[in-house]
Ligand code: GLY
């Protein structure tokens, strides 16, 4: 066979393989595009793998320096979770081994009753490990002990899981806490004990009641009275000011209510997710590439504020979260609305997968995405890569890959 004929034959085989994977006609990103991005991400993370000490967890790469945490930091589950998603996407067994090795120093957090972040820490990691390996002997007890630790933070007076135990907060509940509820609904599936899911539903109901403004933007923190359970303060800890809409907070809300609709079939959770999506997608401050500024109200930051010089920064972590959540929301809605969510998710995936957001091979400390903002008012993690931005970006790629293969978005 002549070389040009051989090339043509290979091309035909590859095209047929890709077409066999593409069962849906409404998707604009191709199988080879998504596969290519997963492969590139696995290549990129090898730099971070090489830099990560055995007992530490990646946080960020700042001023040319790697920053790691111990297992008790809220982000410790994202790195093993990302490795697991990349294993799922590439079928590279080395990634599975690296991920499961990383679970060992994380396992002790199952006993941690001092934080609400156990969903991020244990479900993104051990939850994905159980889903992908089916190894209940290794993971089931850890997950259930962790869920019990999380459930211990629920109190009937506030009808919500307490987020923080520090500072002058009485009983702080943050919008981010919506993300930890999936851990509880899964614990009910594993244990057949409905108490975990009941807590999740109650927390989500309380959050609908107290966390949202009339326009469906969310406050970051609701502080409840310790004795009476009444709302005592509505605040923004990581947003620009108390009445602003912190972009990642809106993402936690969007993802949280979409997921809670999946887990319960409760129509009011779907409606809430639709309202939040509409707030985000119709916001006049949302840039054309859909990667949000770190706060939707950044224009109201006064020139005298220390935040002012950085007020125009984007937050890629929020964008990655929106991409994954909107992809899922598109599956629970119909017609023009579903098409809108799917189109927005595709735009986000496409834009995050290139300049200026995607890191070049070997740069950015081995993190996949650049340009996230941790907490501008706290002067922390400003315009840096963040482990959770990578996690939700890779999750969006995996979800899209499943849709291309004609599967449901979630296992
Ligand atoms: N959960 C903290 C954050 O979103 O930065």
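Cβ atoms are placed via backbone N, Cα and C, with glycine included.
These figures come from a predicted structure and were not determined experimentally.
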Residue among 117, 135, 289, 297 sharing the substrate site, where TrEMBL lists 176, 248, 252 as binders: 117
Neighbourhood of the substrate site (117, 176, 248, 252): other residues with Cβ within 8 Å of the Cβ centroid, in order? 120, 174, 175, 177, 178, 179, 249
Out of 117, 176, which of the active-site residues has the smallest number of neighbouring Cβ atoms within 10 Å? 176
Cβ-Cβ distance under 8 Å to residue 252 (substrate binding site), same chain, at least six residues away: 175, 176, 178, 179, 218, 321
Cβ contacts within 10 Å for residue 248 (substrate binding site), all chains included, total 29
So the record assigns 117, 176, 248, 252 to substrate. If I measure every Cα pair among those residues, what is the longest distance in angstrom, as a whole number? 16
